[in-house]
Amino acid sequence: MSEQKIGKITQVIGPVVDVEFEPGQLPNILNACTVTNPGINDVPDNLVIEIAQHLGDNVCRCIAMDQTDGLVRGMVVRDTGLPITIPVGEGALGRIMNVVGRPVDGLGPIPAKTSMSIHRDAPLFTEQDTEVRVLETGIKVIDLLVPFPLGGKMGLFGGAGCGKTVIMMEMVNNIAMHHGGISVFCGVGERTREGNDLYNEMKESGVLPKAALVYGQMTEPPGARARVALTGLTAAEYFRDEEGQDVLFFVDNIFRFTQAGSEVSALLGRIPSAVGYQPTLATDLGALQERITSTNKGSITAVQCVYVPADDLTDPAPATTFAHLDGTVVLSRQISELGIYPAVDPLDSTSRILDPNVIGEEHYDVARGVQVSLQKYKDLQDIIAILGMDELSEEDQQLVSRARKIQRYLSQPFTVAEVFTGMPGKFVKVADTVQGFKEILEGKHDALNENSFYMVGSIDEAVAKDAASKA
């Protein structure tokens, strides 16, 4: 290895640090450099900074991956000669690491034999796998209307407080615990409490030994939040490429990745684009999303939460994310206001594999029947609000009655929400889900009270609940 390049800090502006190197000694862009920041702790080289720009006059502009309070001009900066590299493989399982691969769970160093750079190229077209298989989530509304492709990318879109994280936690619970393979959970700019809760839940349920957790939460500076998604993805890519595994990759929240990029972008002197986002929004997101794919070696099935600012799906951040996904689960505030959870909008959510050739004719027909019924009910709501139900034709009254039952049957108690609701969670198999909705559409349960369909698992539970209420 060539002689280590050493520079000195010339300027610190928030998370952006300017470093001057000797002439002809400039490190490459994206290289990681280290500096000792007494503001963090006394450990040498405790702060990692990543080179973002060469400004001229031997000065590099860098982005800090931790706090810069405590840095002063003239401090010595050492180039590592490599991009940020993290420990990967078996040693990383059951552990929590931060953006630069250092453990944050207080259990000592991560004993990994291999390390990888977080900046990698996406797989080639020739390496991509195109086989379509369905992943069962056990959540009725998703399995029926927005089937998940195994090895695909799904997004959970929703405004603040609509329940994105709860649905993702339920999926971690349902899929990771039934799946038996490797899971990687990446917390990007979200609440530290949620990360802590997930860690403890995984520990209690025994999934932790097969999971790697990578956190860069709200307290982290924007440099860490803009890179932690790449760190998590690199951990997942190792299991896919080197061990040929089918990996589950959960990200909460992709919007924070974009938000961190926009925070750093202005400090790097780029002129903001639409709504104040960075001009490189599509490129940054594309570089991340193109790496989340299935190859002929193994697969990555990704579930990504996407915060929707002010419930506006046309905002550049969620709108750019839409283009990369195989399916979108859109959460609606109107549905959550009705008390129906998960608050998935059955008419706004889409999946690429809602196709009779993939899921079968019966499932497809029932899903479309449910959507038609709910759409007609939506169209009639204004008339009902003004004139009342009695003014509708008999046929329309029957349609509305069934649609209201369907709407309530789309709700479901979750295992992860059991502590709040007091109701035990339900995992419903796809065949039972399809059968239940088919029976409602056919009118087999017209005599049942619509409230009997609220917060139950299978259709048999709704029938039993109705019988109990009449007893």
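Please read every residue number as a count from 1 along the shown chain.
Yeah, the Cβs are placed from backbone N, Cα and C, and that goes for glycine too.
Listed in Swiss-Prot for this protein:
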type	residues	note
BINDING	G158, G159, A160, G161, C162, G163, K164, T165	ATP binding site
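Between the binding-site residues A160, C162, C162 has the most other Cβ atoms inside 10 Å of its own Cβ, all protein chains included. Neighbours of the ATP site: apart from G158, G159, A160, G161, C162, G163, K164, T165, residues of the same chain with C-beta atoms within 8 angstroms of the site's C-beta centroid are Y307, L331, S336, A343. There are 21 other Cβ atoms within 10 Å of the Cβ belonging to T165 (ATP binding site).
According to DSSP, G161 (ATP binding site) is assigned to coil rather than to any helix or strand. The Cβ of G159 has fewer other Cβ atoms within 10 Å than any other of the binding-site residues G158, G159, G163. The Cβ of G161 (ATP binding site) lies under 8 Å from the Cβ of S336, each of which sits 6+ residues away along the same chain.
In the shown protein chains, 27 other C-beta atoms lie within 10 A of the C-beta of K164 (ATP binding site).
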